[in-house]
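Chemist: Here it is, the structure in full.
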C-alpha cells in the first residue's frame, strides 16, 4: 500500500512519477537532457576468454556469476550494442556543464542494488546510497532498488562541479552501487562517468578535441566477496585478465584521451604504464600514471611510433597476475602534426649523446659499513647470515659505463660508493639523440628499456608476457657476449611541460623479464630535460647540485642468481627451504641506491645550495614509498612538502634549499624495513671562505675535481652539432663569474670555440659537495679542497656555545630577530595515558566492530599554563578532533614555543612536519653527530618537561592568496610507527598573516581536521604481548582484524561535530600518517571541492596517501546530512566513515517561544520569584508579569530551561529584560548549557579560550539583544545561566534555529515570495466593506481583514497553494484571526496534495493508514506547528478545515525546500 495514496501504488513508481513531473521545470535551463536506460543484470563472466577450440575446462571452472550494468533501448527489452573493450564496465555516462543526466534504472538482478555517482549534484532521492541521513522512507527508495523494480535518478552537472580552467575537457569519475560497497563492486557493478566542460562533446557524446578516447579500469576482483561467492582473486583491465583485453586501437599521430579508473575493495595501488609512450596528466609529463583503488585520473597521449605496445600496471604482483593488455598503433596515413618547427638558435642546442654500457655480474654488499645505531632486529633479519640466511652479500648484475666501444676501460676505476648499485645517469634534452651501445658481459640475456621517451620497436628492449620465442628480437634480449645499439630521439611530445621541473626523473632497466632482471640489480636513472635545461657537459643549469636517490626493493628470491647465492653464502645450502617465510623475508632488501642500512659517510651540501633531487622507486614493492626529508622541505609541483610519495617504477623531481644547519635524514616513512633500509644522512653546513685558498690553489682544486668527479655521462661526440650555451637569468651571476655570458652575446661562438676550462669551471660550480653521481672522495683529498667536511658540523655554527645550557627563549628570540618580527605563540601540551573506546554510540547496530573496542592509549592534551594542572577543555570547535592532539596554529614568520610535559609511563617526544627547527627541537633520534646538548629533545622521560621551538618560514604556509591555511602534523618521534598507533598525533595549521586571533583560533573560517588512519593496536606500546599475532602470521602477511580499527580521528562511524552552513567556504585539513599500505580515497557525498592553492583543478574524490597533509576547500551546495567516507570499501565498511550536516544559511527561525508554539509545560527553571514564572519568559510578552525572574542567592546558580521536545539546530538566542513600574530588570551576562537527553549537559564554549563563553546580555529592560551561536549546536534542552544582572536576573527569550534534517525554511507565505495568484480557495467571503480572499492567508498578516475565510463554513472548503514546482514540504504553522471581537480559528484540519492539480491524495496517518486529522489552534492569534513525517513531495497542497471556532479563518506558513 503506498504511503501517500489511497490506491495501492508501489513506492518506487510513485517516486518515479513525482520525479518525472518535477523535471519539466528545469528543461529550459539545461544545455541538454541526456537520458540513459541502465539495467543491473546477471552475467556469467570469463576473465580469460579463449576461443572455443582452445578451451578444455568446464564452464563452471571458467566463469563467475556477476552483476553488471548494461545499457538498454527505450523499453528495456533490447540491450544496446557495446564496445567489446568495455568488458565488465557499465556504459560510460557523459555530461557537459549545464546538462541534466537522467538515468532510468531497472534491477534485473537478485540483490537490491543502486547507482551512486562520485561527482554530480543530486538530491537525497537520487543519491543511490544508504545510510542514516534522517530522510524519510520515500526519499530512501533510491538507496537500494529491489529486484524487479525500477527507479529514475536525476543528476545535475553544474558549473560548480564541472572541470575548472586548468582541468582537461572531461574529468573521470566512477559510478557504482552503494548498497554494500564491498560486495557490489566485487560483483561487477561499476561504470565510468565523464563530466565535461561546456561545448566539449559532439552530438554523439564523443569529445571534440581528441581523435580517440578510452576508458580503462585497472581492478582487483575478490570473488570470495562477490554476492555469489567463489574463491578467486582476479587482476584485470576492464575485467580481462592475462592479456585477454581486446587490443586498444590507434593511428600514428592520434591524440588520445585516457580515462583511467582504479578499483579494489581493499587498499590497492596501480602504476599504469604504456610501453614506448609518454603521457600528460594535470599539465605534467609522465611515463607512469599513479592510480589508487577508488580514484580516477584523466590523461592524454599523442602517439607516433607504430607497433603493438604493452599496457600494464608495473606493480610486480600485477604483472605476474596478468594485468596487462596492448595498444596497437597503426600507420593510417595521417600527417605528422606533433613535431613543431625550431628556430635556428634552438636547432643549435640539439646534441647527440653516446653511452657505452655493459651488464656485468658482481658481488654486491648491501651494507659495507654497518653503523652501531642500526636496529639489532633488523640487522639479524636482513644483514647477518646466521640461521642459514644469505646475509648482506649477493651475486648481482649491474649496469656499468665504459669509455668506448672496446668495453675495456670503465669510466670509474673504482666503483663510486655514492652511486651505489645504480647504472650511469643518462640525460637528454628534447630533440637530442641518445645512442646506447650495450654489451652483455653477464651470463644470461639482458636488455635496456627506458621510461619517459617515445621509442621505436627496435629501441624498446622489452619482452612482453605473450611474446613467442620466435618474435624475440636481438634488441629485446641481448645474449651473453653480444652487443646491441639502442638509439632514440627525445620527441617534442616527450618534453617536460611548463609546470615540470627543468629535468624530470625517469629510469631504465633490463626488461627481458622485468621482475627478475630488476631483482638482479639492473637499474639506472634517466633524466629528460627541457631544451635549455642542460649545459654542453650535461649539467643542469638551474640547480647548484643534482642528487639521485633510488628507493629500490630487491627481492633476491626472484633474482636470477638465487641458487648461486644460496650455495655461496648459506652455511648449509642443502637444508635451505626457499618457501620458508622467514628465509623469504630475509632476502627482500629495502635499499636506497642499493644500500640496506645507513652509511658511516655523510652526504655533504653547502649552506644555501639549491639541490635538485631525483627520487625514484624501483623493484618488487607493491607499496607506496613515502620519502621523508627532515629539517627541510621538497618543492615539487609547486608545493612545499616534507614527504613525497613514490609509486612503484616512477620518479619525482624536487628542489631542496639547504637552509638549516646540521646533519639530517632522508628516509622512507613507513614500515620498519623501509625506515631502516631506505635512509641516508646528509649534512647542511657552512664552509668558511678563508679556507678556500688563493686563486692558484683553486685552479689546482679544479683539476682534482675534474679528475675525480668526471660524470658518468661524459658526452662522446659523434656528430659535430653547433651548440650555444645560454645561461638562464637565474644563473646569470654564476655565468658571469665564470665568464660564460659571451656565448649569448656573440652568437658566432660555437661549442668548438669554448675552452675546456670553462666547462670544467661550470662542472665544479654545479657539483659542490659530495654527490652520488661523481664518485667518492678520499678524506685526505677533501682536506685540500674548498669542500672539506668538518667532522662536527656544529663546530662552525655560531648559534652554539657548548659551555652554556640550552635556553628556549634565546632560540625563539634569535628567530624573532632574524625575521624582524615579534610574534611568539606558546602552547602547553602533555602526553597522557587514557582508555580509548573505538565503539560508536550505536555499537550494537554495527556488526563489523570486534568484540573488544577499548584499549589503553596515549594522547596529546592541551593545558592552560606551565603548571600542567588545568587542562584546556575542548569546545564545539574541538568536538570533531577525537583522538587528535590540540591544533597548533601559527601564522607565517611566527615562532612556536611548545612546552611539553610527559605524563605517560614511557619516553615520548614532539616532532613537527613542515616547520624549521634546530637540532635541539627535532624530536627524533638518529645518528646525527649532534652534541649531547642537542639530543635532549629526542626522548622526554616520564614526568620530564622540555620546550620545543619551531620557526614558521614562508614555505611552511599558504603558497598564494587563495589559500587560507596549510596543514602539517606533529607526533611523538621516539618510534614514530608505535607512537602514532599508540595515539600520539596532532595537527599543525599554518595560516596567512592576520588570520589567527589572540586565542590561537582562525578568524571567520569554518575548518575541520580529519585524520584517516587504520589503527593497529598490535603496533601500540600498550598492547599485551600475549594477544599479538604470531611471528609466522606476521611473516606471511596475516593481519588480525580483531585489533585493527579503520577510523576518522580515531572514531569509527560516528565522528561528531561536523556542521556547516550552505554556501559558506569550508576548509578541510586531511591527514594520513599511516604506513605504506594505508591508502584512503576521501569522498564527500553530495559535494565537490578543490585543493587549497590549486583552485583551478576540480576534485570529486581525493586520494590521501601515506604522509599526506592536504587542505581542501568546499562550498556545500546541498543542505542535509551527508556521508563522508573512504572509497576503499573494506575500510569504509569497518568504520572509516562519518556524517556531516549542511544547514541552511537561513537557519535562524524563531523556534516558538514568542508565538506560543513552545508550550508552557516545556519551560522550566531552577526557581522563580513571586509570579514571574518560567512560562512567561517569551520574547515581547506583555502584561504586568511578563518574564521569568529570580532572586539570586549566594552560592546559587539559577537557570531557565527550554525543552524543545526534539533535537534541533540552535544558531542564536534573543533576550529581553522587563520593566515594572519604571523599574528595569535584566540580565547583563549569561552562559549557555545544552543537552540531548536532559542528563548529560555541555557548556557552550564557542571561540572562547576559557571553559565557557559568556554572552553579552541586555542593557535595559525592553531592548532585544541577539547573540549568534557559532558553531551551531544540536540539542533538545537549552539552559540559560545568568551570571551578571541589573536588579534581578530576568529573561524574556526566543531561540533561533531550524530542524536537524534541514529543509525547514519558510516557503514564502509570510514573506510574499508565494504570489497572490498562486493562492486559491474553494470560495471566499465578501462583504460590502471587505473581502477575505485566499491571498490574505499569510502568517502574522495584520489589518482588519487579515486572513482567508470561505463564503460558507462547511467541510467542503479548502485553501490551496501552488508552489510552482516539485517541493519537499516538512511542516506547517496555522493561525486564526479576529473580526471585530469574534475569535475565529480552525480547530482541526486535514491535508491533501497533488503534483498535477488533478489527482488529489490525502496525507495519511502512518499508524492507521487513514487520512490524518491535525489539531489546529486554540485561539485566534497563537501559532500551532505540525511536522510532516514523512514529508510531502508535491507541487500543490490543500488545507481542508474539519472543525472550527465560530467561523473558518486561516493564516498559514509552509516550511520545506526545493527538491532540485
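Glycine residues also receive a Cβ, built from the backbone N, Cα and C atoms like all the rest.
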Chemist: If you look at how Swiss-Prot annotates this chain, which of 740-760, 824-844, 845-865, 866-886 comes out as region 'Disordered'?
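Modeler: That would be 740-760, per the region 'Disordered' entry in Swiss-Prot.
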Chemist: According to Swiss-Prot, 139, 142, 143 bind Ca(2+) 1; identify which of 124, 164 is listed for that same site.
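Modeler: According to Swiss-Prot, the candidate sharing the Ca(2+) 1 site with 139, 142, 143 is 124.
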Chemist: If you count the other Cβ atoms within 10 Å of each Cβ, which of the glycosylation sites 156, 385, 406, 1180 comes out on top?
Modeler: 156
Chemist: What are the sequence-distant neighbours of residue 170 (disulfide bond), meaning same chain, six or more residues apart, C-beta distance under 8 angstroms?
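Modeler: Listed in sequence order, they are 94, 163, 194, 195, 196, 197, 200, 201, 207, 213, 257, 259, 298.
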Chemist: Taking only the recorded positions 300, 332, 406, 557, 1180, which one has a CA atom nearest to the CA atom of residue 991 (disulfide bond)?
Modeler: 300
Chemist: Quick one: give me the count of other CB atoms within 10 A of the CB of residue 300 (N-linked glycosylation site).
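Modeler: If we count other Cβ atoms within 10 Å of residue 300 (N-linked glycosylation site), we arrive at 16.
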Chemist: Specify the nearest of the recorded positions 503, 557, 1147, 1303, 1397 to residue 251 (disulfide bond), where nearness means the distance between Cα atoms.
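Modeler: Nearest in space to residue 251 (disulfide bond), counting only the recorded positions, is 503.
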Chemist: Through the lens of DSSP with three states only, how would you label residue 557 (N-linked glycosylation site)?
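Modeler: Once the DSSP labels are grouped into three classes, residue 557 (N-linked glycosylation site) ends up as helix.
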Chemist: Over the span of the domain 'Plastocyanin-like 2' (206-330), count residues by DSSP class, listing helix, strand and coil in order.
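Modeler: Taking each residue of the domain 'Plastocyanin-like 2' (206-330) in turn, the totals are 9 helix, 70 strand, 46 coil.
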Chemist: Could you list the residues of the same chain, at least six apart in sequence, whose Cβ is under 8 A from the Cβ of residue 1298 (disulfide bond)?
Modeler: 1143, 1144, 1146, 1147, 1148, 1149, 1208, 1209, 1211, 1304, 1305
Chemist: Which of the recorded positions 242, 529, 1303, 1397, 1457 has its Cα nearest to the Cα of residue 557 (N-linked glycosylation site)?
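Modeler: Nearest in space to residue 557 (N-linked glycosylation site), counting only the recorded positions, is 242.
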Chemist: Summarise the model confidence on the domain 'Plastocyanin-like 5' (823-991) as a single mean pLDDT, whole number.
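Modeler: Result for the domain 'Plastocyanin-like 5' (823-991): average pLDDT 92.
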Chemist: I'd like to confirm something. Which of the glycosylation sites, 300, 385, 406, 1397, has a Cα closest to the Cα of residue 943 (N-linked glycosylation site)?
Modeler: 385
Chemist: Could you state the CA-to-CA distance between residue 1397 (N-linked glycosylation site) and residue 1457 (disulfide bond) to the nearest Å?
Modeler: 20
Chemist: Nearest of the recorded positions to residue 672 (disulfide bond) by CA-CA distance, picking from 156, 385, 406, 529, 1000?
Modeler: 385
